[in-house]
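A.B. asks: Take this structure, written in structure tokens, and hold onto it; I'll ask about it next.
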Amino acid sequence: MTIAFGRFIKEENDLFDIMDDWLRRDRFVFVGWSGLLLFPCAYFALGGWFTGTTFVTSWYTHGLASSYLEGCNFLTAAVSTPANSLAHSLLLLWGPEAQGDFTRWCQLGGLWTFVALHGAFGLIGFMLRQFELARSVQLRPYNAIAFSAPIAVFVSVFLIYPLGQSGWFFAPSFGVAAIFRFILFFQGFHNWTLNPFHMMGVAGVLGAALLCAIHGATVENTLFEDGDGANTFRAFNPTQAEETYSMVTANRFWSQIFGVAFSNKRWLHFFMLFVPVTGLWMSAIGVVGLALNLRAYDFVSQEIRAAEDPEFETFYTKNILLNEGIRAWMAAQDQPHENLIFPEEVLPRGNAL
């Protein structure tokens, strides 16, 4: 029998292989094929946001000051959404609205669509980066799957919701106080806190925080060696030879506390993955529903009885009145181009007034 020794010589001028070798090379900051999407999009999204919050006014779109140049601070500066009249235009710099004029493009709100679209693709690129690295080091892709949850929330809130409404104008602007205003808008116009998908989202996020705190404390509790002095801070000693974390000890502890406890590390950590990811996905689904103007729970019988009986009021009916007040105030303030005027007699008031 003849055995031939040698190696397969690949075509040295294969551009794909040259690119693949350079992109996936082991270096301090991994680039990868996903980096071709991630790094440019993240750079443009962050650069657009810093540029907008520093220099660009919202006077022409919202009648507001929104930049450091105009006197805003970190909490009040924002990259604001385009004007309502521009509907769902992509607001390309070379498009019919700005016609290549950068100053006009900024005044019309072009930076918002620029940041939103590059931000969305940047987040997707980051998820693909986790897929790519997991495949390279032979890990399962649960990190990327988990990161799909914040991507779903971003896309549903910043893109799908305004697509279901009359324009990008009704999306959140990119700023701290601007996001708070958007939350108030969601409550007043959609009664978001009474939406079951919001409830599932809150349960997921707060439940995940609770699980994270419990898990971290339990691991720290059982990390240092038994019988070596009950000093909490020994858990932070970096010179310990090996990990002494005991799943059995943790299981016995929580069995005594709650009567039940996780007995399997895989199930425990899957549950910690499942709770926040499912909560965020449910929130995203709920926001898609709001884009279509689907309503939350309505307890009409309580509203009718409150209207008929001055002595009957519930927390629900009080919240409905509060929502009416938000709408009456915010519609006129938030959409000055509509010239909305609400006479005193239509403004909401509680039964006590």
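Glycine is no exception: its Cβ is also placed from the backbone N, Cα and C atoms.
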A.B. asks: Ranges 91-107, 125-141, 312-328: which does Swiss-Prot label transmembrane segment?
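C.D. replies: Based on what Swiss-Prot states, transmembrane segment spans 125-141.
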A.B. asks: Looking at the binding-site residues listed here (His118, Gln130, Asn143, His198, Phe262), whose Cα lies nearest to that of His269 (Fe cation binding site)?
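C.D. replies: Its closest listed neighbour, by Cα, is Phe262.
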A.B. asks: Would you pick out, from the binding-site residues Gln130, Asn143, the residue whose Cβ has the largest number of other Cβ atoms within 10 Å?
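C.D. replies: Neighbour-count leader: Gln130.
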A.B. asks: Across all the protein chains here, work out how many other Cβ atoms are within 10 Å of the Cβ of His118 (chlorophyll a ChlzD2 binding site).
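C.D. replies: By my count, 21.
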A.B. asks: Consider the binding-site residues His118, Gln130, Asn143, His198, Phe262 and say which one has the Cα lying nearest the Cα of His215 (Fe cation binding site).
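C.D. replies: Checked the binding-site residues His118, Gln130, Asn143, His198, Phe262; minimum Cα distance to His215 (Fe cation binding site) goes to Phe262.
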A.B. asks: Could you round the CA separation between Phe262 (plastoquinone binding site) and Asn143 (pheophytin a binding site) to a whole angstrom and send it over?
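C.D. replies: Approximately 22 Å lies between the Cα of Phe262 (plastoquinone binding site) and that of Asn143 (pheophytin a binding site).
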A.B. asks: I'd like to confirm something. Which of the binding-site residues, Gln130, Asn143, His198, has a Cα closest to the Cα of His118 (chlorophyll a ChlzD2 binding site)?
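C.D. replies: Comparing Cα positions, the closest of these binding-site residues turns out to be Gln130.
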A.B. asks: Can you tell me how far the Cα of Asn143 (pheophytin a binding site) sits from the Cα of His198 (chlorophyll a PD2 binding site), in Å?
C.D. replies: 24
